[in-house]
Amino acid sequence: MSTTRCQVVGFLLSILGLAGCIVATEMDMWSTQDLYDNPVTAVFQYEGLWRSCVQQSSGFTECRPYLTILGLPAMLQAVRALMIVGIVLSVIGLLVAIFALKCIRMGNMDDSAKAKMTLTSGIMFIIAGLCAIAGVSVFANMLVTNFWMSTASMFTSMGGMVQTVQTRYTFGAALFVGWVAGGLTLIGGVLMCIACRGLAPEETNYKAVSYHASGHNVAYRPGGFKASSGFESNTRNKKIYDGGARTEDEGQSPPSKYDYV
């Protein structure tokens, strides 16, 4: 899968995951009344994160919001917080991912900046997906625990008679929507992180070669090549031409016709 395709697929999956998280958080059917062995069928009860509802057999539904915060169970408040954090992180990740798409050019933004933004949005999507999955799983675990506790105390035998003492609740549709939405957001974040590797520019590594100066200097002399030490001092020789004195700074004598024989 190419980098652009991987990035776009991850972006679209994250959008679907965000939409699913919002829908699941707003749904009222997080827990529904268990109708198995329930003698009362005229009333159907279900509860969500924000309110509880009662549906009559006639089709009339009445919902009542939770008017208290401190009076709610701590687990329910934790589920609320996890879902809200997941939604907020997904929204921020989408805003970052829009500018990080390779098919969109924003001024002089280079591939290195897009790679960093893609990685940032991918990490946000992964955390958001984990928050959504964790929130739904915590609520589901709370339902399972209450279900079996209710089952243990639901029937009391007295003289061979069975009496229902409390209502049991089971999984609602919102739990499955939340699990799917969290999974889509998580997969989208992973794909964004994978696309980051293709956007990052490749670094060319050059091997450093150290230069070592030679221990001896080779000086040219008219009579041929002769290795001389670098610490030798140059002497000044005086030559007399046509009766005049002339000083020469180089430490060689002019070649004669016998030097090349």
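Backbone N, Cα and C atoms are what each Cβ position is placed from, and that goes for glycine too.
According to Swiss-Prot, the protein has these features:
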type	residues	note
COMPBIAS	239-249	compositional bias 'Basic and acidic residues'
MOD_RES	SER214	phosphoserine
REGION	228-261	region 'Disordered'
TOPO_DOM	1-6	topological domain 'Cytoplasmic'
TOPO_DOM	28-80	topological domain 'Extracellular'
TOPO_DOM	102-122	topological domain 'Cytoplasmic'
TOPO_DOM	144-174	topological domain 'Extracellular'
TOPO_DOM	196-261	topological domain 'Cytoplasmic'
TRANSMEM	7-27	transmembrane segment
TRANSMEM	81-101	transmembrane segment
TRANSMEM	123-143	transmembrane segment
TRANSMEM	175-195	transmembrane segment
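For the topological domain 'Cytoplasmic' (102-122), the DSSP-based tally of helix, strand and coil residues reads 12 helix, 0 strand, 9 coil. The average pLDDT computed for the topological domain 'Cytoplasmic' (1-6) is 79. Within the chain, the topological domain 'Cytoplasmic' (1-6) has long-range Cβ neighbours (under 8 A, six or more residues past its boundaries) at 102-103, 191, 194-195, 198-199. Long-range Cβ contacts of the topological domain 'Cytoplasmic' (102-122) within its own chain (Cβ-Cβ under 8 Å, at least 6 residues beyond either end) map to 3-4, 7-8, 10, 14, 93-94, 96, 189-193, 195-196, 199-201.
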